[in-house]
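Structure, as structure tokens:
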Amino acid sequence: MKALSKLKAEKGIWLVDAPKPVMGHNDLLIKIKKTAICGTDMHIYNWDEWSQKTIPVPMVVGHEYVGEVVDIGQEVRGFKIGDRVSGEGHITCGHCRNCRAGRTHLCRNTSGVGVNREGSFAEYLVIPAFNAFKIPDDISDDLASIFDPFGNAVHTALSFDLVGEDVLITGAGPIGIMAAAVCRHVGARHVVITDVNEYRLELARKMGATRAVNVSKENLKDVMKELGMTEGFDVGLEMSGVPSAFHAMLDTMNHGGKVAMLGIPSGEMAIDWSKVIFKGLVIKGIYGREMFETWYKMASLIQSGLDISPIITHHFKIDDFQQGFDAMGSGQSGKVILSWD
């Protein structure tokens with residue numbers, strides 16, 4: 001089968017002929033229709049320090065996808081041939097304390113599709129049936145292929161009550177932009193998103209952000225005054241992993257504010273903890289998606305009218321994968337989709 005593999009321990013990704021994956025008794029075999037390129041895939045492509053420590057070589061990568069069930073393990077119930085599915089990319093152990101308590105998203109033994117095991121940049125993928133999610137008929141393949149990152153946005157945004165609240169999002173990558181759309185859809189008042197990438201900020205405006213602020217040109221506190229905000233943001237969603245962005249968030253949070261952190265800093269990050277203490281801030285770390293509460297909310301949000309389609313800006317055939325990775329690496333894109341049909 002065709003597959004994109006991290007074939008060598010150097011920058012790049014390679015289109016290869018790989019063996020079709022072998023299915024177990026509790027697995028599904030999925031014929032991939034579309035995949036999307038994630039920021040994690042770009043880290044792997046660029047072979048940065050994290051990738052060098054994490055990714056086995058050679059390995060098929062990728063974890064954002066939609067496909068069709070073409071074979072079913074003999075112990076699997078609830079799926080049939082032809083079901084359209086995406087899937088949770090975090091494979092959990094099932095026996096740790098959190099798994100047994102129903103908090104599978106907090107499994108300490110998580111294995112990542114396309115990170116620790118064979119991924120979805122291939123014509124076929126095998127995953128445990130437990131991890132598969134049936135896609136409703138009224139949700140397109142394009143949208144289904146980005147459910148993984150959309151789930152990060154939904155999990156982060158819905159960590160706290162948003163109705164009538166003022167929300168600051170730091171980092172206008174695709175996940176931050178989708179989070180802005182979610183916040184507006186569920187009833188936040190002002191949703192302000194910050195970045196220095198004007199292309200991405202314009203996407204955020206199209207997706208419903210009240211204000212998309214280029215912090216290299218505008219002062220965030222001036223924007224707050226312009227919006228009539230006198231007491232700071234009620235909810236903060238940190239999506240960038242950039243220390244200066246997090247510092248700006250702490251400076252502008254209201255007393256009693258709540259912060260959800262999805263962005264991963266590149267190293268240790270010093271902050272002024274006195275601001276956290278005296279403001280009484282709540283800070284919550286976010287990793288992945290809640291299984292499977294986030295997935296049901298994703299589908300329901302789209303079915304109730306949330307439009308995240310503007311975040312998809314580029315489509316390529318799999319043979320043109322290099323153009324897709326170039327587009328994603330340029331910073332002048334939203335989500336990039338590769339078609340395997």
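Just so it is clear, glycine is given a Cβ too, placed from its N, Cα and C backbone atoms.
What Swiss-Prot lists as active site, charge relay system is Thr40 (among others), and the listing cites sequence analysis. Within its own chain, Thr40 (active site, charge relay system) has His63, Gly114, Val115 as residues 6 or more apart in sequence whose C-beta sits under 8 angstroms from its own.
In sequence order, Trp50, Ser51 are the residues of the chain that are 6 or more apart from His43 (active site, charge relay system) and have a CB within less than 8 Å of its CB. As annotated by Swiss-Prot, active site, charge relay system applies to His43 (among others).
Under the heading Zn(2+) 1 binding site, Swiss-Prot lists Cys38, His63, Glu64. Non-local neighbourhood of Glu64 (Zn(2+) 1 binding site): Thr35, Ala36, Ile37, Cys38, Gly89, Ser120, Ser145, Ile146, Phe147, Asp148, Pro149, each in the same chain, at least six residues away, with C-beta under 8 Å from its C-beta.
What Swiss-Prot records for Cys93, Cys96, Cys99, Cys107 is Zn(2+) 2 binding site, and it gives sequence analysis as the kind of evidence. The secondary structure of Cys107 (Zn(2+) 2 binding site), as reduced to three states from DSSP, is coil rather than helix or strand.
For the recorded site, Ile264 (NAD(+) binding site), the DSSP three-state label reads coil. Spatially close to Ile264 (NAD(+) binding site) yet at least six residues away along the chain are Gly241, judged by Cβ distances under 8 angstroms. The annotation NAD(+) binding site is assigned in Swiss-Prot to Ile175, Asp195, Arg200, Leu262, Gly263, Ile264, Ile286, Tyr287.
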Binding-site residues (Cys99, Ile175, Leu262), the one with most neighbouring Cβ atoms at 10 Å: Ile175
Sorted by sequence, non-Cys38, His63, Glu64 residues with Cβ within 8 Å of centre, Zn(2+) 1: Thr35, Ala36, Ile37, Thr40, Asp41, Gly62, Tyr65, Gly89, Gly114, Gly119, Ser120, Asp148, Pro149
Rounded to the nearest Å - Cα separation of Cys99 (Zn(2+) 2 binding site) and Tyr287 (NAD(+) binding site): 15
Cβ atoms near Cys38 (Zn(2+) 1 binding site) (within 10 Å, other residues, all chains): 25
Local Cβ density at Tyr287 (NAD(+) binding site) - other Cβ atoms counted within 10 Å: 14
For Cys93 (Zn(2+) 2 binding site), the three-state class that DSSP assigns: coil
Cα-Cα distance maximum in Å, computed over every pair in Ile175, Asp195, Arg200, Leu262, Gly263, Ile264, Ile286, Tyr287 that the record assigns to NAD(+): 23
